[in-house]
C-alpha cells in the first residue's frame, strides 16, 4: 500500500486517506470524533501512528498540522446573531430546495417552475439558470469540486432525493418508482439499481465513509445496502406509517428515522434492531438529524 494524499474533513472531524493498493486507488477514514480544543495533539498523533500503518515517520508532521487545523476549527465561535441580508425573487413558482456550496460563495435553488438557479451569495446576482427538467425540481446539491453537468436518465417516476458520497465519486438518487440508483459522478453513467421496497422511496443517504447506503420508504420500512455489492444488508421494520427521513450517526453504527406515525426511532445498523422509540410529537415527522458527535438528535 502506498499513501497518495490526505483529505481533511471538518464535519465530523476526521482525516481521509487516499492510498494505492494493487494499482487501485482506495480511501479510508481516521475519525476524530473525540477531538476537542484541549486535546493534546502530539499524543493523539502518536496514537494514530500506532494503529495506522499508512502513517509513516515521514508523514507525522503533516498529520500533526492537519489535526491542528481541525482543532482551530473547533475553537471558532458561532454564537453570532443573524439578520436579513437579501430577499431574492426570481423563480415564477415556489422554491422546493436550496443548497450552499462548500465555501458559501454561491448557492443553488430548485423550483416548481422546473428550473434551478445559481446565485452569487454576496451580491445576490443570478449567475445561471439551469433548464431542461420537464417537471418540478425537488432536490439540489453541490459536489466538490463542481462544474460538470450531466443528465441522469433512468428513473420512471419523481426523484425525491439526490446526493453525493463523501468524495463525490458517486451520486445516489431515490425515486417514487420504489428504487434508488447509483451513478458515476465523473461521467454521469449509470452504475446500479437498489431494489426491495414495496412503495415509493422518500429519502436516502450515505454513511460518512460512503460504504453504506440507507433508504426510507412509504412502505414503512428502511433498508441498509452495501455501496460496494449493492446488496441489502438489513431491513428496519417497526414504524406504523411511512418513513420520510433517514440519517446515519457520524460513527455509522446507528440510524435515525422519522415517520408519519409521529415517532422517530434509533436503529442498530448491522442487526436492524430498534434500540429506542422517540415519542412526543403530535403530528407527522418530516425531518430528523444527528449532531456531529452523534449524542444529540433533532426532529
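Positions of Cβ are set from backbone N, Cα and C atoms, glycine also.
Nonlocal intrachain contacts for the repeat 'WD' (88-129), taken as residues 6+ away from its ends with a CB within less than 8 angstroms of a stretch CB, comprise 135-142, 144, 146. Annotated repeat 'WD' per TrEMBL: 88-129 (among others), in sequence order.
Marked as repeat 'WD' by TrEMBL: 152-193 (among others). Tertiary neighbourhood of the repeat 'WD' (152-193): same-chain residues 7, 9, 16, 27, 135-136, 138-141, 143-145, 199-206, 208-210, 213, 215, 217, 225, 227, 230, selected by CB-CB distance under 8 Å and a gap of 6+ residues from either end.
The repeat 'WD' annotation in TrEMBL covers 194-235 (among others). For the repeat 'WD' (194-235), the DSSP-based tally of helix, strand and coil residues reads 0 helix, 22 strand, 20 coil.
Annotation source TrEMBL lists repeat 'WD' at 236-277 (among others). Long-range contacts of the repeat 'WD' (236-277) within the same chain, counting only residues at least 6 positions beyond its ends with a Cβ under 8 Å from a Cβ of the stretch, are 12, 31, 33, 199, 202-209, 211-212, 214-224, 283-290, 292-294, 297, 299.
When Cβ-Cβ distances below 8 Å are used as the criterion, the repeat 'WD' (194-235) is approached by residues 9, 12, 14, 27-29, 31, 157, 160-161, 163, 165-167, 169-170, 172-182, 241-248, 250, 252, 255, 257, 259, 267, 269-272 of the same chain, each at least six residues removed from its ends.
Secondary structure of the repeat 'WD' (88-129), assigned with DSSP and counted as helix (H, G, I), strand (E, B) and coil, comes to 0 helix, 21 strand, 21 coil.
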